[in-house]
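Taken verbatim from TrEMBL:
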ACT_SITE  167  active site, nucleophile
BINDING   195, 196, 197, 198, 218, 219, 220, 221  substrate binding site
Ligand SMILES: NC(=O)C[C@H](N)C(=O)O
């Protein structure tokens with residue numbers, strides 16, 4: 001005991017147009033509150049990040065689970081990771097078409113197999129064995145995602161059809177000082193069938209280590225993988241940088257070195273946290289010591305006092 005619990009979530013980093021930005025805030029607040037409730041009751045950071053990410057996967061505003069963007073075939077292909085900072089155990093899934101909450105499935109991979117990642121047909125067979133509900137592939141495709149996809153196929157850009165969609169993630173520290181991360185995504189609109197982004201790749205879309213902290217990343221997947229963004233941030237923290245300095249160094253390195261932009265949420269082993277991005281906007285929210293904070297624009301932090309934690 002002794003550590004003050006903290007939970008941070010993000011709803012993706014990209015050039016969210018002015019008129020759509022605010023729409024992601026209710027979903028962000030709901031997710032951060034659901035995850036933090038787990039920590040307040042003495043639950044683990046692993047459970048908290050899973051619950052927060054599930055809330056965002058269920059919200060069709062975000063590019064994860066139900067409502068994710070569509071691949072070149074017009075279906076979702078979902079990627080997710082969850083990682084336990086206490087043991088370095090990680091579970092990930094990729095190219096999932098018919099499971100509503102890939103983050104919970106990733107948890108099963110962590111808990112019930114000796115492997116880190118399952119994909120494609122094997123993943124589905126495993127889901128069947130576990131009795132994880134599988135839904136018809138059409139069920140995760142929303143009208144909105146379809147319209148965005150059609151617009152993309154026609155004009156090679158999502159334009160106004162792309163509303164608030166984006167990758168989601170969470171990082172947390174629980175009252176025992178254990179950190180965890182989770183990230184979940186549908187990737188990018190009209191991606192090649194079988195394309196796997198950074199999200200489920202350990203050290204890229206997420207990493208958690210009690211000796212340093214935890215990170216969940218979003219942004220241009222191929223760039224994030226090239227610089228192993230999540231682990232790079234923790235490396236900078238190991239060298240003595242604060243979460244904010246480490247996030248900025250790694251994001252700027254990614255921009256300079258491979259011309260990729262993105263955003264991250266970071267928590268340290270002592271509960272210091274930050275949300276940083278090099279895209280135009282990133283929706284994020286955090287709860288620490290009875291205060292809910294959230295933001296969308298660079299430098300923006302809006303605070304709301306919520307029920308004080310015990
Ligand atoms: N917007 C995102 O974060 C997309 C995700 N990183 C991917 O490339 O799959």
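Here, residue 1 is simply the first one shown, and the rest follow in order.
Glycine is treated like the rest: Cβ placed from N, Cα and C.
A map of TrEMBL features onto the structure.
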| residue | record | Cβ contacts under 8 Å, 6 or more apart |
| --- | --- | --- |
| 167 | active site, nucleophile | 10, 11, 12, 62, 63, 64, 183, 184, 185, 186, 199, 218 |
| 195 | substrate binding site | 71, 77, 187, 188 |
| 196 | substrate binding site | 79, 94, 95, 119, 187 |
| 197 | substrate binding site | 79, 185, 187, 188, 191, 205, 221, 222, 224, 225 |
| 198 | substrate binding site | 204, 205, 217, 221, 222, 224, 225, 229 |
| 219 | substrate binding site | 13, 14, 229, 260, 261, 262, 263, 277, 278, 279 |
| 220 | substrate binding site | 260, 261, 262 |
Neighbouring C-beta atoms (10 Å sphere around the C-beta of residue 218 (substrate binding site)): 32
Candidates near ligand 1 among the recorded positions 167, 195, 196, 219, 221, judged by a Cβ under 6 angstroms: 167, 219, 221
Secondary-structure category, per DSSP, in which residue 221 (substrate binding site) falls: helix
Number of Cβ atoms other than its own within 10 Å, given for residue 221 (substrate binding site): 26
